[in-house]
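*Asks:* The feature active site, proton acceptor is assigned by TrEMBL to GLU106. Look at TrEMBL and you will find SER29, GLY30, SER31, THR32, ASP84, GLY85, ALA86, ASP87, LYS97, GLY98, GLY99, GLY100, LYS124 tagged as substrate binding site.
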Amino acid sequence: MDPMERSKKAVAEHAANFVKEGMVVGLGSGSTANWMIKRLGERVQEGLNIKGIPSSFKSERLAAECGIPLTDFSSVDKIDIAIDGADEVDSDLQLLKGGGGSLVREKIVDGEAEQLIIIVDETKIVTRLGEFPLPIEVTPFGWELTAENISNLGGKPKLRHLDGEIFVTNNDNYILDCKFPGIQKPAELHASLKLLTGVVETGLFINMADQIIIAKQDGIEILTK
Ligand SMILES: O=C(CO)[C@H](O)[C@H](O)COP(=O)(O)O
């Protein structure tokens, strides 16, 4: 296993220890969250009783393969803990997410959790968000107009493609990956973007994370709100 994967696995397994008997667990998405789902699957096989709410079709499939019992918002009204990855984290614990295209479901699940733990490797820690193009989920209808409106706010939107086709989210929407020249005020940018009619959600997760678990070369560092 390469060192990066080993780091992701280490933080994911550390975070999985925060899950306790009887909890409803928000299952994040992405390669780091996948390690956490696998570890929880092992703990379930060892007798841990939990229920998971996945934040993407991929996480749902993996969790089912790992034997984690799943539930949804028609059966539960609170999530005890959510564990998720991120594309960037700043020193105020603000997050940029959506590299995998699951930002809407992630925001719903992560936002409902009493405790949100983010697991990343140290390359994701930044002084200012925005080096990674900000994913924004938009309605397919009129996406060109929405892109123009995002440009007027200073972004450079690019319609996401995968394997030569337009990328379609789990909610049948499109993603615009938007390069902003350094996001100075994430909360304000998020609020401005949300006022655009075609914007479904942005990848800025403001004041949501309670704890960041960072994989470093020499061990694990934890940032707490
Ligand atoms: O926001 C996400 C998906 O929408 C992921 O959490 C984010 O892209 C991090 O993924 P990885 O752990 O593979 O780097």
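FYI, residue positions are counted from 1 along the chain as it appears here.
Glycine is no exception: its Cβ is also placed from the backbone N, Cα and C atoms.
In the displayed structure, how are the listed features positioned relative to their neighbours?
*Replies:* Proximity of GLU106 (active site, proton acceptor) to non-local residues of its own chain (separation of 6 or more, Cβ distance below 8 Å) is seen for GLY28, SER29, SER55, SER56, ASP84, LYS97, GLY98, PHE205, given in sequence order. In the three-state DSSP scheme, GLU106 (active site, proton acceptor) is classed as helix.
Of all Cβ atoms in the shown protein chains, 21 besides its own fall within 10 Å of the Cβ of GLY99 (substrate binding site).
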*Asks:* Please check the binding-site residues SER29, SER31, LYS97, GLY99, LYS124 against ligand 1 and give me the ones with CB under 6 A, sequence order.
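*Replies:* Checked binding-site residues vs ligand 1; flagged SER29, SER31, LYS97, GLY99.
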*Asks:* What is the one among the binding-site residues SER29, SER31 whose Cβ has the most other Cβ atoms less than or equal to 10 Å away?
*Replies:* SER29
*Asks:* Since the record lists ASP84, ALA86, LYS124 as binding-site residues, which of them has the fewest other Cβ atoms within 10 Å of its Cβ?
*Replies:* LYS124
*Asks:* Tally every other Cβ atom lying within 10 Å of the Cβ atom of LYS97 (substrate binding site).
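*Replies:* Taking every protein chain into account, the count is 28.
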